[in-house]
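Undergrad: Reproduced below are the annotations present in TrEMBL:
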SIGNAL    1-20  signal peptide
DOMAIN    102-283  domain 'Tr-type G'
BINDING   111-118, 176-180, 230-233  GTP binding site
Amino acid sequence: MAATARVLLALATGLVTCAGFSPQLSPSSLSYLASSSSSSSSSSRLHVSFKNAPWGFESRLRPGGRQGRAAPLRLEMQQKLSREERLQTGVSNAQYKKVPAKRIRNFSIIAHIDHGKSTLADRLLEFTRTVPDRELQQQFLDNMDIERERGITIKLQTARMNYNYNGEDYVLNLIDTPGHVDFSYEVSRSLIACESALLVVDASQGIEAQTLANVYLALDADLTIIPVLNKIDLPGADPEKVKREIEEVIGLDTTDSVLCSAKAGIGIEDILKTLIEKTPPPLAREEEPLRCLIFDSYYDPYRGVVTYFRIKSGRIQKGDKIRFMNTGKSFLAEEIGVLAPTQQPTDTLEAGEVGYLIAGIKTVEDARVGDTITHEAENRRAPDALPGYAEAKPMVWSGLFPTDAADYDTLRDALSKLKLNDAALQFEPENSAAMGFGFRCGFLGLAAHGRRAGRGPSLSACTRLEREFDLDLICTAPSVVYQVKPMKGEAYFLSNPSELPEPTKREWIAEPYARLEMITPDEYVGPLMELAQNRRGVYKDMKYLVEGRTTIVYEMPLAEMVTDFFDHLKSRSKGYASMEYSLIEYRQNDLVRLDVAVNGEPVDALSFILHRDNAHGIGKELCLKLKEIIPRQMFKVCWLSAMVETSRGRRNCSRNRLRARSA
């Protein structure tokens, strides 16, 4: 009977779990009493009592039916808690609570990739009971599959948490930030909407390049920085060493830094306590004209654009006529509310609060990040917009072509839907003699163009298009935006290499340069400096941060970074180095266009712009690679040649014949 009791106990636990109760039961929470009658008895009963379970109930499992026949189990529950008590236990603490501005805390989490930002957000949501246990999952705020796979935040999220501290109710607004350096503008707008930032640093790895970049953005926004040392439970963790790094490199006082392990749930309460005590409350400016900062927006196919904003001054009510000050668009506030993290409509939001707006907006271009919301009426309109607004412009361009020409319309519709959620994405039709009909697409930054991007902003548009719209795409080599000065006329920007004027019709070409900062262990300084110099980098500075760690600064053409620079950086440093970059200016260089011809016919999709000194080597390497990829036939097919433009016309730098396959 003991074995039967164990089986029935396991079934009872499973049934309780399926009923929606928490399955985390300690051994002290379970006791059972099994009693059986004689073998001729028609039934036996197992009494299972969950004595110390937080929801408390008794169940009796009775194998019903006549002797010798199997019968289904019947679960009889006797509730020990009242309905009100059951509703208050195990239910989320996300209901909207109106609190004064002095008890509101707006904060963000900044960290390098894989330092535990998303996991820490999960623990905060769990500890404050913002999300019910049955709905909580890893990387809760990362909604996209590709975010979960690559462990990087692409689309920022917002969560409002209620927390009782010293007998008073506080509201903690977590404004998430994207997890890649290409989102520096979006990160800066998110940080301006906060009063403090949790600086999460891996206690086993220390300061990385993106850590510094985000800290500088937070300091520019005049935020209170709260150092948090994560992953202290790892065997290689050295919190004291990381504290010294933070003090020596950044200059922050780490005396009151918080030690935690987000995965193990250690130190979460200390983080909440520190947040409340050190984060300054927002200023109460309810009587001033309305000014709301937009820090994110996305497109909902049923409700239009949903805008996330932080109220800097004034108050907004449902039904108000509002105006976006930089775009000049006017709308009616059909719905406003808070994100906890699901949408909860309210009638009024005041200064200091974070919420969402639905106003029948058709495209995210009308609700750009960094814009200011105010009232439409002249007597209620703010005199000036919040500072810092800028339009996101694509810096990397690439061609997308469907492998099946019949999918052209599907690709166009897919790009149109993708653009609804990404105002920086631009695309235009392109026709290639080799590839057919496709689109020339512009993305936000480094390595954003597709599958080859290890981490990037439009994180792999190719991957998203293929997954979400079932497309098979060909992605051409990425190129940056060049500046060209023709012999007659003004200089203009050029994104498609095939449209570059002939050498006799242009004066000069300029390319964008970026300031590159690499942080690496000392033993990898030599290989990384060699990598940067081989990519036409200009050495600027080298600093020893702390013992064993060095930062190297170069100025490098952006075109040398958009393909495989990040992969080579990780390979040469065995994964220990990190990088951060920022665009600085355009510089004139001796640039030429390299064309690849098949049987004497140039293939425009394979054309790209590069420095004259690298043209011969890259052209030869490209032809040899194509020779390996193109399948052989039973006869000689074609000549492969790479041609570089000169002042006297085009010159072959490589020529290969695709030989016939042996019988």
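Note that Cβ sites are derived from N, Cα and C of the backbone, with glycine treated the same way.
Please treat TrEMBL annotations as automatic predictions, because they have not gone through curation.
So where do these features actually land, and what's packed around them?
TA: Thr177 (GTP binding site) has a Cβ environment of 27 other Cβ atoms inside 10 Å.
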Undergrad: Find the average pLDDT over the domain 'Tr-type G' (102-283) in the predicted model and report it.
TA: 83
Undergrad: Note down the number of other Cβ atoms within 10 Å of the Cβ of Ala111 (GTP binding site), including every protein chain shown.
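TA: By my count, 25.
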Undergrad: In sequence order, what residues of the same chain, 6+ apart, have a Cβ less than 8 Å from the Cβ of Ile232 (GTP binding site)?
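TA: Within the chain, Ile232 (GTP binding site) has Cβ neighbours under 8 Å at Ala203, Pro239, Leu259, Cys260, Ser261, Ile266, Gly267.
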Undergrad: Fewest other C-beta atoms within 10 angstroms of its own C-beta: which of the binding-site residues Asp114, Lys117 fits that?
TA: Asp114
